[in-house]
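Asks: Supplied in structure tokens, the structure appears directly below.
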Amino acid sequence: MAVEEGIDDYTQDGTVDLKGNPVRRSKSGGWTACSFVVVYEVFERMAYYGISSNLVLYLTRKLHQGTVKSANNVTNWVGTIWMTPILGAYVADAHLGRYWTFVIASLIYISGMSLLTLSVSLHGLKPPPCHQANVDDCKKASTLQLAVFFGALYTLAVGTGGTKPNISTIGADQFDDFHPKEKAHKLSFFNWWMFSIFFGTLFANTVLVYIQDNVGWTLGYGLPTLGLVISVLIFLAGTPFYRHRVPAGSPFTRMAMVIVAAIRKWKVPLPTDPKELYEFDPEEYGRKGKFRIDSTPSLRFLNKAAVKTGSPDPWMQCSVTQVEETKQMLRMIPILIATFVPSTMIAQISTLFVKQGTTLDRHMGSFEIPPASLAGFVTISMLICVVLYDRILVPIVKKWSKNPRGITLLQRMGIGLVIHIIIMIIASVIERHRLNVAREHGLVENGGQLPLTIFILLPQFVLMGTADAFLEVAKIEFFYDQAPESMKSLGTSYSTTSLGIGNFLSSFLLSTVSHITRKHGHQGWILNNLNKSHLDYYYAFFAILNFLNFIFFLLVIKFYVYKAEVSDSMHVLTEELKAVRLKASNQEESRE
């Protein structure tokens, strides 16, 4: 009995310790291991949002850049931050594993933060102060100053590429899909993951932006740098408790093999019985602790890659499991595309929303509110909504839906998309009111501050947090959950890629709309003087764009098929292994 309990205590999902040995469930993983992981993410989000939330103001006030240029520099950098995780996911899945990829990347991240702190501290690395109303009249930053500042930002982006796709995946890996209690905890993991890390975001959007605006940028960047160092040390201290997954090879190469093999055999007929396709023996998967996937009829053309030809060439013949893994990654791409537009909306929080705040009355008695601190309401709203969703909505809804998540991940994302439409309609109406006040008080030409409280912008910030609670949490969980087990880091990078492309799309749209609306003698929608601009038209354009994107999303999800639960496929594999072994045992007995 004791032996059976000992065996039963080992995880069944293929995770190992750092030396590659099987791990005991009672001594590793779970919420204990996650606590060390979450601490890093809290401080990392504090560092990231401590920079991004106020970056547009540093570029305009300290480096003397215009509205369009500064906003595009922010979104281009943020876009890079969210795109580099594809590279980090590849390195983790194919070579170093998630743990070592994260450790190395976190050191690069710290180097970038340290250099950035120096660039805002040393007088020789920033242009002299300028108090002109028009930044075009100020002395521009030198090539060296720009090189050091943006070099630090993009070094930091490289570090993020290795940490972002792996840290949440490391956290999710601490729960065993084949243990009922741990599997139940995993369903709540991403909700509480987002809840925890947004404490770092809240601190950044309130305390750090206040320090940057009123005390100094040196302390404003130095504090998150110190916090990041401490969090990495805490993460390393939790190493004995972590469960790890062995790298399964390059996901890109394995996917390319399937596509190439299918193309090379495009004239070969498919067998009517999927069991005639090429697949490894159940013993092979059982021995390596890997997951086998049965053939599905979706993306049927790719099944040709598994038609038996007798060729040992992996670029000519792939297993059914390899084909299905490729299908799972490709099936998610239309969903990924549908998240680009809402990611573009998120980019407005740290750019145009903040610039709007600089034109409004920010006083509360003698205290002056930093414009970027309103982003803290995004965080507060998101935190409240996540708790209400996880603790109230899910228990109620799952009673009649029979879905352990309450509603499906795609339904949750759809609700977030609808909220984004509402946000941009409200933002357009509020901006129209702001412009009317500017005209009534004769503040259009001089771009002066309006006698209008900054809190009129509160609805668009609060609703953005509500949208995040639905769309962003569901998005990261969806791409992790629907990715094959051997490509989880790549799947997680889909959610960051969405934000990256959304930011690049924001830069493209801002530049394009600014250019087009200035043609034929028109003054344009987006100017350095926001009181002369027409952000109300721009936000209305975004509302229409969000509506069209929602229609596209509805069409896409109509054809989407969720993948089978891994634990279900492993149950089938276990039964097949028993059958194979029983058959072998019977054959031996008959010989005797």
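Just so you know, glycine gets a Cβ as well, placed from its N, Cα and C.
No curator has checked TrEMBL annotations; they are predicted automatically.
What TrEMBL shows for this protein is this:
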TRANSMEM  98-118  transmembrane segment
TRANSMEM  189-211  transmembrane segment
TRANSMEM  217-237  transmembrane segment
TRANSMEM  335-354  transmembrane segment
TRANSMEM  374-397  transmembrane segment
TRANSMEM  409-430  transmembrane segment
TRANSMEM  450-471  transmembrane segment
TRANSMEM  492-517  transmembrane segment
TRANSMEM  537-561  transmembrane segment
Asks: Between the transmembrane segment (335-354) and the stretches 98-118, 409-430, 450-471, 492-517, 537-561, work out which stretch tops the count of Cβ pairs under 8 Å.
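Replies: Highest pair count goes to 492-517.
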Asks: Within this structure, do the transmembrane segment (189-211) and the transmembrane segment (217-237) have 3 or more Cβ pairs under 8 angstroms, counting pairs 6 or more apart in sequence?
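Replies: Contact between the transmembrane segment (217-237) and the transmembrane segment (189-211): present.
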Asks: Hey, which bits of the same chain come close to the transmembrane segment (374-397), Cβ under 8 Å, at least six residues off its ends?
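Replies: Same-chain contacts beyond the flanks: 49, 53, 188, 191-192, 194-195, 198-199, 201-202, 205-206, 209, 349-350, 353-354, 357, 403, 405-407, 454, 457-458, 461-466, 468-470, 472-473.
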Asks: Checking distant contacts: for the transmembrane segment (189-211), what same-chain residues at least six beyond its ends satisfy Cβ-Cβ under 8 A?
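Replies: Distant contacts of the transmembrane segment (189-211): 34, 38, 41-50, 53-54, 168, 171-172, 175, 219-220, 223-224, 370, 372-376, 378-380, 382-383, 386-387, 389-390, 468-469, 472-473, 476-477, 480.
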Asks: Counting only residues 6 or more past its boundaries, what in the same chain has a CB within less than 8 Å of a CB in the transmembrane segment (450-471)?
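Replies: Cβ under 8 Å, 6 or more out: 194, 339, 342, 345-346, 349, 353, 356-357, 359-362, 369, 371, 374-375, 377-383, 385-386, 389, 412-413, 415-417, 419-420, 422-423, 426-427, 430, 433-434, 437-438, 441, 443, 531.
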